[in-house]
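*Asks:* Here it is: the structure, laid out below.
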Amino acid sequence: MLLCDSCNKGWHIYCLSPPLKHIPLGNWYCLECLNTDEETFGFVPGKCLLLEDFKRIADRAKRKWFGSGTVSRTQIEKKFWEIVEGSGGEVEVMYGNDLDTSVYGSGFPRIGDQRPESVEADIWDEYCGSPWNLNNMPKLKGSMLQAIRHNINGVTVPWLYLGMLFSSFCWHFEDHCFYSVNYLHWGEAKCWYGIPGSAASAFEKVMRKTLPDLFDAQPDLLFQLVTMLSPTVLQENKVPVYTVLQEPGNFVITFPKSFHAGFNFGLNCAEAVNFATADWLPYGGSGAELYRLYRKPSVISHEELLCVVAKGNCCNNEGSIHLKKELLRIYSKEKTWREQLWKSGILRSSPMFVPECADSVGIEEDPTCIICQQFLHLSAIVCNCRPSVFACLEHWKHLCECEPTKLRLEYRYTLAELDMMVQEVEKFGGCKTQETKISQRPSSGTKRSIALNKKEGMQVSQARPADKWLLRASKVLDAAFSSVEYATLLKESEQFLWAGSEMDRVRDVTKSLNKAKIWAEAVSDCLSKVEGEVNDDSMKVHLEFIDELLRVNPVPCFNSGYLKLKDYAEEARKLSEKIDSALSSSPTITQLELLHSEVSRSPISLKKHEILSKKISSAKMLAKRAKRYLTDAKPPGIEMDALFKLNSEMLELHVQLPETEGILDLVKKSESARDKSNKVLTGSLSLENVEELLHEFDSFSINVPELNILRQYHVDTLSWISRFNDVMVDVREGKDQRKLISDLSSLLRDGASLGIQVEGLPLVEVELKKASCREKARTVYTARKSLDFIEQLLSEAVILHIEEEEIFVEISGILSTARCWEERASTILENETQMYELKDLVRMSVNIDAVLPTLQGIENTISSAETWLQKSEPFLSATSSMASSPCSMLELPVLKDLVTQAKLLNVQLQEPRILETLLLNCERWQCDNHQLLQETEDLLDNAKIDDGTHSNILPKIMDLITRVDSARRSGLALGLNFDELPKLRTASLKLGWCCKTITLSSSSPTSELLEDVGKPSLQHIQQHLKEGQTLEILPEEYYLGKRLMELKDTGLEWAKRARKVVTDSGALALEDVFELISEGENLPVHAEQELQSLRARSMLHCICLKPYNSRSMVSCSQCGEWYHTYCLKLHWRPKAYVCSACCPLAETTPQIDPARATEPERPSLNQRRTRMVATDAAVNDLKWKTRKHIKRTTKRSPQVHILPWFFT
């Protein structure tokens, strides 16, 4: 027993999957604990992600390892193997592998997929049927996988793979050693490492040698896809390794039993599937044996695949060679094990269940071995103690503890059938091999005696009992039937049936025994039922079954009941002929019932018995229905079709019924009623004719459709006449016209749809027109109508002779008043008129009850004039006040539109002339200001400054500024929002800027400039240029700006040189420094701060005669001079120091305390940073505060400044 070091459960080492040969060293964990351990190596199921989320995680992983810069693939590959070998740190990535394309979709088009509109149908069909389409490749002609009936994910149905950086697939080969093809759709490349199939054994040896502990604990480690080993290690151990870099659009094919591994350089998407050509078959057999060895469940049954391919003849000549070799291998293996089981005492056998689709490979029918987990297609061992558990022939001893005699061999093919399968493949392939020649067996046509002198081994030992069995079987077949002896012989024959063609005679005799046993038992069973007087018809024996038994010739065996059964069958046939005779004539119900009673007493079931029963039942049912039709009560509602159907059924039944004559009379009367009704319907229907026919068939109970139509016509006509009389009374009494119209309309509509002609219909139509005309006249008072409507209404009244009625006389007066108003309105609209006249016409129209056509034009004219006055009000107000605030500026285009619209008004007004005057003033102002703006632009473009010329330009500019401001004020006074107002303001500001530019750029160096009086500073120049940028003035476009830019560039260039000299630590000679100072003093711009820094630079210090810098210095306590500590060779700054000039007799260096002669400790990082910041800041504001006055004359060091930057 092997104990798990986690759960402490015990396991037999031979029961493990795969079994272990010995107890492994170190800790060992069972499969359950390995699957539940969260920190185990390998792959862990991840969560479900959307593609966008997966992309985001992939990008984040790549940035984590290599940042956002570019990285070569060589660097990525190196880092990957460093991580694998443990020196590159830990990495956790996600790999979307084994995604079923039937669920998530394929990257290749499929026939069932919806075609995008952008792809043409021909191209789509071409790619759907392409052999390089991975959905088609497994089932192509020549592929062994086309024999598989079901779709197997990853084998016959492609899988999708979504990878990211460092996601990998470990060393493995495909299931069943299949070929595989992988296509990269998009993304980063995929790196492959491959081992040739010929070096697979060497590869496994190196893996076991390198990782002995893992393989001792898990011998099937390479099946788990969790082991990665560097190609370098494999190559060092003489294992050939090849590398392939797969780019998008590339196919990669792996060969059978070829170990391969790899990883992804980044986010990508690939698709892969398996396929198997005929040369794969030997590798497939090797793979199946590996599954058996390691007790791993296989994907398909390799033996079933071979049999299906062999029976289907789907291999060519070259493929048949590989197929024959594999069939011979499984034949030899099956033959050896079956013979060993026979020797071990397993004599019972039975054929396996044959599936419905035996011509294709399935995955659900075959059982699996309880030990090695393999499909049991060819044979299996089973025991009655556990009938649902099976074992293969190799592991039969582990099935149960029962004796071998209680076990049973189940087989799908006999050895003879397998041998025939090999010969068929050989015949189809067209070639023979030495192996197939050896495998051939004698045909089944050999004599019963087997030549024992030509047999050896197992065949000899099995042939002797077979001969004995055949001898016994011959005697039993010649004797009378005995169920016990037959069962014994059949049970004993099971030990021979699975064998080869040498047992064909046994199989033939067994079939004869089975046939005889089935026939004899059937005869005995039938005879027992016939003689047992069974009353239940369902338990009787059918005559057809007895005839089938009696037709067997010759009889398989002797049975004493055969002749008795023959006599019973003869009596049943005579009774059947009697039934035929009765049915062919026209019997009565009584005769049929007597015959039915005789048939029911027969011990044999006749098929015509049921026909006779149905005949009697139908006759009784028809007679019952006929009596109901012919009863004295004569119930109404009998349909004519039902009567005709009953008559037809009674005639077709061929049974004599007393009700037949009565039904026939009803049928004749119905036909007569139908013919007369049709004759009336086809002619001109009058009320008298219809009433005459209905009176004739008043008491007829059959529903004749045509007669029913006439009855309905008659009822509808009588109802309409009654309504007509009532409405005519209302017409004469002059009731409500609206209700009268409704009643007359309904009456007219119903009368037109009557099937019978009525006389009052024209009168209804005339009265309806009159009522409608009166109702229209009434609406003139409720809602105004047009003059055309009123004229038409009066015309209708004249036609209907009702024009003298009071309402139509009043309407005629309204029409005359409206005509007079229209004539006056037309006259006014033809000429311009005053507003009050138009409004008088509108007031008059209120009292006229009609729609006046010209009224809308009058109202539109008034509305247009009022709208124009409302829009003009702001301009009229601005004209009167002669001022407007900026927030209420009016637009000039609006004014122009108003002046144009005024010309279209058909009203006499004073306001349009006022707006025309205002528009003329505005256009004159625009013309004047256009010239002023052009003059300003010319002055700015052409102004030049020379020595003494600025005195001539400035007055012109000032005069122009005055004129521009005056024009702007006059434009504001007009109260309109002119486009020129902002331009005038900008021109004024630009002219002011030019004045200031002339002032800054025209200062000439005079004697006053020695004291920096009159010079502009660089800050002032830059500020002024920024103000010009705000005004959108580009200095390079104007001469004045160019001159100012030159001054700025000159000052900045000198300041840059000065800054460089100040910080050069004394590199520049003093003469050059003084020359630079002189140059700066003569600059046309003010640079005092830079000059002070240069003057400070000209001060030299220390014995090195260098200017001040940021390095450590010490001051003399007497003269105040500064010295560099490194020039004095001091390791630290003393509290007090006296220089050699002040103390010439002293030593060069002061006495230093020996205890402090060592260099102090290095300060901390924070202290050093603080000192550096302080040192930089000291450059700007250091002052020689520690200098002291001494006897000899010295100068204090001025404050030192860093030159400022003036770059914008």
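Note that Cβ sites are derived from N, Cα and C of the backbone, with glycine treated the same way.
The feature Zn(2+) 1 binding site is assigned by Swiss-Prot to CYS4, CYS7, CYS30, CYS33. Look at Swiss-Prot and you will find HIS172, GLU174, HIS260 tagged as Fe cation binding site. Positions annotated as Zn(2+) 2 binding site by Swiss-Prot, on the basis of similarity to another entry: CYS369, CYS372, CYS392, HIS395. Residues or ranges marked as Zn(2+) 3 binding site in Swiss-Prot: CYS383, CYS385, CYS400, CYS402. For CYS1102, CYS1104, HIS1124, CYS1127, the entry in Swiss-Prot reads Zn(2+) 4 binding site, with the evidence type sequence analysis. Residues or ranges marked as Zn(2+) 5 binding site by Swiss-Prot on the basis of sequence analysis: CYS1116, CYS1119, CYS1139, CYS1142. Under the heading domain 'JmjC', Swiss-Prot lists 126-292, citing sequence analysis as support. What Swiss-Prot lists as motif 'Nuclear localization signal' is 613-620. What Swiss-Prot lists as zinc finger is 1-36, 369-421, 1099-1145, and the listing cites sequence analysis.
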*Asks:* Please list, in sequence order, the residues in the chain of CYS33 (Zn(2+) 1 binding site) that are at least six apart in sequence and whose C-beta is under 8 Å away from its C-beta.
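*Replies:* Those within reach of CYS33 (Zn(2+) 1 binding site), by Cβ under 8 Å and sequence separation of 6 or more, are CYS4, SER6, CYS7.
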*Asks:* Going by DSSP assignments with H, G and I as helix and E and B as strand, what are the residue counts for the zinc finger (1-36)?
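*Replies:* Its residues fall into 6 helix, 4 strand, 26 coil.
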*Asks:* Determine, to the nearest whole angstrom, how far the Cα atom of CYS1142 (Zn(2+) 5 binding site) is from the Cα atom of CYS30 (Zn(2+) 1 binding site).
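*Replies:* The separation of the Cα atoms works out to 94 Å.
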*Asks:* Based on Cα coordinates, which of the following binding-site residues are within 10 Å of CYS1104 (Zn(2+) 4 binding site): HIS172, CYS385, HIS395?
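*Replies:* The binding-site residues passing the 10 Å Cα test: none.
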*Asks:* How many other Cβ atoms sit within 10 Å of the Cβ of CYS1116 (Zn(2+) 5 binding site)?
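*Replies:* Its Cβ shell of radius 10 Å holds 22 other Cβ atoms.
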*Asks:* Nearest to CYS369 (Zn(2+) 2 binding site) by Cα, among CYS30, HIS1124, CYS1127, CYS1139 (binding-site residues)?
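*Replies:* It is CYS30, whose Cα lies nearest.
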*Asks:* Around the C-beta of HIS260 (Fe cation binding site), how many further C-beta atoms are within 10 angstroms, looking at every protein chain?
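*Replies:* If we count other Cβ atoms within 10 Å of HIS260 (Fe cation binding site), we arrive at 21.
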*Asks:* For the recorded Zn(2+) 2 site formed by CYS369, CYS372, CYS392, HIS395, which further same-chain residues have Cβ atoms within 8 Å of the site's Cβ center?
*Replies:* ARG292, ILE370, ILE371, GLN373, GLN374, LEU376, ALA391, LEU393, GLU394, HIS398
*Asks:* Over all shown protein chains, what is the count of other CB atoms within 10 A of the CB belonging to CYS30 (Zn(2+) 1 binding site)?
*Replies:* 18
*Asks:* From the Cα of CYS1102 (Zn(2+) 4 binding site) across to the Cα of CYS1119 (Zn(2+) 5 binding site), what is the distance in angstrom?
*Replies:* 12
*Asks:* Given the binding-site residues CYS30, HIS260, CYS1116, HIS1124, find the one whose Cα is closest in space to the Cα of CYS385 (Zn(2+) 3 binding site).
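*Replies:* Nearest by Cα distance to CYS385 (Zn(2+) 3 binding site): CYS30.
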*Asks:* Between the Cα atoms of CYS400 (Zn(2+) 3 binding site) and CYS1102 (Zn(2+) 4 binding site), find the distance and write it as a whole number of Å.
*Replies:* 109
*Asks:* In this predicted model, what is the average pLDDT of the domain 'JmjC' (126-292)?
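*Replies:* Computed over the domain 'JmjC' (126-292), the mean pLDDT is 92 on the 0 to 100 scale.
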*Asks:* Taking the Cβ of CYS402 (Zn(2+) 3 binding site) as the centre, how many other Cβ atoms fall within a 10 Å radius?
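*Replies:* Result for CYS402 (Zn(2+) 3 binding site): 12 other Cβ atoms within 10 Å.
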*Asks:* Work out, from DSSP, the number of helix, strand and coil residues along the zinc finger (1099-1145).
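*Replies:* Counting residues per DSSP class in the zinc finger (1099-1145), I get 0 helix, 8 strand, 39 coil.
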*Asks:* Could you name the residues, excluding CYS1102, CYS1104, HIS1124, CYS1127, of the same chain that surround the Zn(2+) 4 site, i.e. Cβ within 8 Å of the Cβ centre of those residues, in sequence order?
*Replies:* HIS1101, ILE1103, LYS1106, MET1113, TYR1123, TYR1126, LEU1128
*Asks:* Across all chains shown, how many C-beta atoms besides its own are within 10 angstroms of the C-beta of CYS1119 (Zn(2+) 5 binding site)?
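*Replies:* Neighbour count, Cβ to Cβ under the 10 Å cut-off: 19.
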*Asks:* May I have the DSSP-based helix, strand and coil counts for the residues of the motif 'Nuclear localization signal' (613-620)?
*Replies:* 8 helix, 0 strand, 0 coil
*Asks:* Measuring Cα to Cα, how far is CYS1116 (Zn(2+) 5 binding site) from CYS1102 (Zn(2+) 4 binding site) in Å?
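*Replies:* Rounded to a whole number, the Cα-Cα distance is 10 Å.
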*Asks:* Other than HIS172, GLU174, HIS260, which residues of the chain come within 8 Å of the Fe cation site, judged by Cβ distance to the Cβ centroid of those residues?
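*Replies:* Near the Fe cation site, the remaining chain residues are PHE169, TRP171, PHE173, SER180, THR254, SER258, PHE259, ALA261.
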